[in-house]
Amino acid sequence: KISGGSCQKPDNVRVSYGTAGFRGNASGMEYVFFRMGMLAALRSKLKEAAIGVMVTASHNPEHDNGVKLIDPQGEMLAQSWESLATALANVTNDQLIEQLKQIIDSQKIPLSNTSFKEVVALVEGIESHKKQVMAVLDGASAFGATCHDHGLLTTPQLHYILACYNGGDIKVDEEHYYQNYASAFKALLNVVSLCKLNPVTSPVTVDCANGVGAAKLTKLAERIGANIIDIVVYNDGQSGKLNENCGADYVKVQQRAPAGLNMEPFHRYASFDGDADRLIYYTLDSDCNFILLDGDKIAALFATYIRDNLKKASINLRLGIIQTAYANGNSTNFLINQQNIEIACTPTGVKYLHEKALTFDIGVYFEANGHGTVSFSLFYLNAAAFDPNKSAEERFAAKKLKLFLDIINQTVGDAMCDLLAVEAILQDKNWSVKEWYRIYTELPNRQAKVQVADRRIIETGDAERKVILPSMLQPAIDELVRKYPSGRSFVRPSGTEDVVRVYAEANT
Ligand SMILES: CC(=O)N[C@H]1[C@@H](OP(=O)(O)O)O[C@H](CO)[C@@H](O)[C@@H]1O
């Protein structure tokens, strides 16, 4: 009763599966994992046993209308999401589990390892991350992969561990991550505080969006030591819901603090997103106006710090900043006109920024929403830090820069590492958040999303800054924008949600 689907997966998982256990409330990757896991579970554990009701669903809603529901005799029961929902409404989880049990009993299938109870757990609906982990482990084991389950991690921690693993360090684990970045941070602070009379010791309060970052940041802070950095964790997930009125995206888009956070002027506040790959800072000015220090400002801080130290070390490397259309116009002006730093603009999505960053010797890339990092090779800096032909001052700047870059997680934007990097620069420059946000003033801006019948009719060009189709749209935007000094606006279909995003900024 295995029926073809159109998931673009390797041959042995090409058929995409779920069972009637799918109640229509899983979505996106969760559903893909769920289907893969169920496929593997069914094929390997139940030996392709017939099952009362099967669903095949396609990745692509244009194929097969997205979904099919077939009974064991091959009879088509439903062929659209709507009819599926109706058909499934008559099958309870209990009934499905009962069916699975009967199949197992009747076929006398020996169950091993991850077994029937996990299939049942998938069907019953347990915490989503456990479902996903089991589904992936099951799916991967079924086609012979060796799996290492590292438990709950932030997204960047997982990237870090994988990068170490691919680099040959197969024993690497979560603790390795903390030790690596805690010691890198301490090493830089050791160097910078020696030449400073008045270290910045005020706390930084971090809204962890009630996500996985809370527990991980607490561990990292413990490894560094409270005498070196004072991190207060807010929204640690004990009571609030993930991303509900909090988190980096909420703060960035709403331009306001997470609910319930009592802020003091000029204190430092930061927000992670749920999986801790985005970071933004914010504070209040003396009139209690909310001041956002987003990905653009973090990029500007990183890039100017790197540039200044490259100069002091007399190292000639090509430094670039990569932005997207969402970068505030004044951040672009500041970097190009005042700082003379090279800028590139790519379409939205860190994979594009990352790729472009690699074309520079040192590439600083950030989306305005706080997702970003730095790509570099330490080769020149290591050499310069020990070059006897350089002056002590030059060697010192090279060493400092190397220590700074040691704090960066190059594999992907990492809220924890980026936080440490910001804190280290502020310490080194003896800056409060006030000096930092004053490097330039953002143009006032708004971001909105609009539901349309079919977002795919909008095609963009020039790194998503111009609409190509429908052809009447760009002239209409231009006409509106012309009315406002420093006005800029663009429209693009989202790549992750069924909406069209609209961005606008201007002098007022
Ligand atoms: C304006 C905005 O924040 N867009 C986000 C969002 O993409 P959209 O294609 O705009 O839906 O999700 C992406 C993935 O997280 C992120 O990389 C990107 O920056």
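Quick reminder: no glycine exception, Cβ is built from N, Cα and C everywhere.
Annotated in TrEMBL:
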ACT_SITE  Ser58  active site, phosphoserine intermediate
BINDING   Ser58, Asp273, Asp275, Asp277  Mg(2+) binding site
BINDING   Glu367, Ala368, Asn369, Arg492, Pro493, Ser494, Gly495, Thr496, Arg501  substrate binding site
DOMAIN    45-81  domain 'Alpha-D-phosphohexomutase alpha/beta/alpha'
DOMAIN    173-279  domain 'Phosphoacetylglucosamine mutase AMG1'
DOMAIN    294-431  domain 'Phosphoacetylglucosamine mutase AMG1'
DOMAIN    467-507  domain 'Alpha-D-phosphohexomutase C-terminal'
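Listed binding-site residues: Asp273, Asp275, Asp277, Gly495. Those with a CB atom under 6 Å from ligand 1: Gly495.
Every protein chain considered, the tally of other Cβ atoms within 10 Å of the Cβ of Glu367 (substrate binding site) stands at 25. If you measure from the Cα atom of Asp273 (Mg(2+) binding site) to that of Arg501 (substrate binding site), you get 20 Å. Shown in sequence order, Gln447, Ala448, Lys449, Val450, Val491, Arg492, Pro493, Ser494 are the residues of the chain, 6+ apart in sequence, with a C-beta less than 8 angstroms from the C-beta of Arg501 (substrate binding site). Under DSSP, the residues of the domain 'Phosphoacetylglucosamine mutase AMG1' (173-279) split into helix, strand and coil as follows: 40 helix, 15 strand, 52 coil. Neighbour density for Pro493 (substrate binding site): within 10 A of its CB lie 19 other CB atoms from the protein chains shown. Pro493 (substrate binding site) carries a strand DSSP state (E or B). In three-state terms derived from DSSP, Glu367 (substrate binding site) belongs to neither a helical nor a strand segment and is classed as coil. Local packing around the binding-site residues Asp273, Asp275, Asp277 was summarised as the count of other Cβ atoms within 10 Å of each Cβ; on this measure the leading residue is Asp273. All chains included, 11 other C-beta atoms sit within 10 angstroms of the C-beta of Gly495 (substrate binding site). The number of other Cβ atoms within 10 Å of the Cβ belonging to Asn369 (substrate binding site), over all protein chains shown, comes to 23. Asn369 (substrate binding site) sits 14 Å from Asp275 (Mg(2+) binding site), counting Cα to Cα. For the substrate site, whose binding residues are given in the record as Glu367, Ala368, Asn369, Arg492, Pro493, Ser494, Gly495, Thr496, Arg501, the maximum C-alpha distance rounds to 17 Å. For Glu367 (substrate binding site) paired with Asp277 (Mg(2+) binding site), the C-alpha to C-alpha distance reads 11 Å.
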